Amino acid sequence: MLLFISLFAIISLIQFIQPNKFSNAPEGSEDKILEEHSWHQFALLGITFVVGLVRGWIAIGAPDVPQRLPNMKRPMYFVIGYGVFQAILGISLTFLHSPDSETRYLITTVSQVLLAVLLGYFAFPYLFTCTIYYTWIFFPTFLCTMFFIMPLVKYQECYYSQYICWVLMIFVGLLELYLMAVNQIYDGYHHSQRPPPRPFYS
């Protein structure tokens, strides 16, 4: 079907640049603007890229040996598992706290810090050196994602961009965990121990 790099890692990075802020201003005040960014988000993204690019460059030069691919996959089970948990936590907090809640903002931000570290240290080498063969299961995954996004966006419109990222992280994360389990992860351009199959579009 479709041969590509990890969509989960890309979506996880995109969530860092979605508006996420709290406000102590009175209800109805002109200062009560929630759809803004906080500097913490850009700091997280910057740290992730700095660590990730260094780790990715090292991974590109790693020896082309049979155990390289299993060693890349192993930590990604934890990275994706935590990312799915973080997305579920983010959605849950929007039901438990108001949009302007400082508690919601702090818990969401702290949960993103650990994900940023995991992405930089483990996901970037995976992005740089591995490809995923997305089978037909990609299509029902996409439909499930749309089915869950629509009611969430209607419930809390000010979180719509975060909801999209979080729901995608959950379903694409579960898809990639399944694809890793059934051995649909292959070497990328820089290694050749397990070359990928020929995708349908080539």
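Every residue gets a Cβ built from N, Cα and C, even glycine.
Under the heading signal peptide, TrEMBL lists 1-19. Among the features that TrEMBL reports, transmembrane segment is placed at 43-65, 77-97, 103-124, 131-153, 159-179.
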Item to check | Positions on the same chain near the transmembrane segment (43-65), where near means CB under 8 A and six or more residues out | outcome: 13, 16-17, 72, 112-113, 116-117, 119-129, 187, 190-193
Checklist entry - So which residues does the transmembrane segment (103-124) touch in its own chain, when a touch means Cβ under 8 Å and the partner is 6 or more beyond its ends? => result 6, 9, 12-13, 15-16, 20-22, 38, 40-41, 44-45, 47-53, 55-56, 59, 75-76, 78-79, 82-83, 86, 89-90, 93-94, 96-97
